[in-house]
């Protein structure tokens, strides 16, 4: 507003020029009682700032509404294009997709064996239908993508101009990656890592954002980007990730007999609290596969590791060490057998924000998980302090390590578990007896065969040494009276008689 001296000077100048100035013409348009300035469209400085702020906020709101509308249109176009191309491409992007389509694939495979050759077109249609992703899963993925997109927009609004720049960079990166589907997964990983680095540098150098806010912004950028890219870069068909998953899963199943004592695990599951910690750790490591963002997968590994440390601490009544943690983590992985373990590890390695993997507890726990998987893949008899013979027998399922005697169970153990252990012990004893009987029967059969062959050889040797000569049959001796044919009626020979003296 103008001061009193300024107003007096203006009135004097106007009077000298012969111009009558109405005081109301110099007042602010908003009617606040202050004098306005023509350069500010007739508003005083205070009212002009308010009007400018309102206009600015209105413009920002219109820009956000336009961005949201464009994003919705893009997502709708993207979803419609995916629905038309879904029947022509087979993707194993999510564990939920596999579970939902498993039954359909099996039915289609069985139909292939019992369908006539003349129905080749029908078979092809059935196979394509089995390969197409489920509409329910499509809707679920779309809903999750929309939710993450809205959360991302709400977050970057707090950054104002840097947030607008982040949003533009993310949209540009997604558009670029949509045209780079033919690149190898390693090249796509390099593009993502370069994008993370460029965005972080841009926030620090150009916008002077504090480091803690940069880290938080990068977490949200990773969540938004990888939620949109998950189905294309997780376990892609161009890699052998799925083959490695099956190999690791088969290996862990073959090692089901490994006990905590063999791995020197300092955890006692007889303690109820420790048993609960073990169950929670297994649940967390399995839950890792259901997450879509690398940071969320790392969070599951971290929670699992913390439960392991708590279990060790309760058992030993002292803080756990790294030497205790790794064997226990190996035991948890063997007991839980997480789905698609190698695919999750590769996904985190390729597309996680590198600052998380290089520093902090998340990177430490992830490194230990990689070491645990490598140990399981190379596990041998020497690692478990077993003989090679026992290790081979355990791996082939011929026998299993001796179970705990039922008499040594604590009183809190239920009767069903005790009865089950007794039955297992009985079955193990019967199996050993059967193996022993079969072995002795085979030995007896071999002895009989050897004895028969020996007797036959001895007889052949005797016959060869003393050959048997067969002479022609000689004529029968004639009777004394054979020539007296004519005397057939001779009296009988005299018989001795006894006379009484």
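First residue shown is number 1, and so on along the chain.
Using the three backbone atoms N, Cα and C, a Cβ is placed for every residue, glycine included.
Among the ranges 35-54, 55-74, 75-94, 95-114, the stretch that TrEMBL annotates as region 'Disordered' is 75-94. DSSP places the residues of the domain 'VPS9' (242-385) in helix, strand and coil in these numbers: 107 helix, 0 strand, 37 coil. Per-residue pLDDT, averaged across the domain 'A20-type' (22-56), gives 69.
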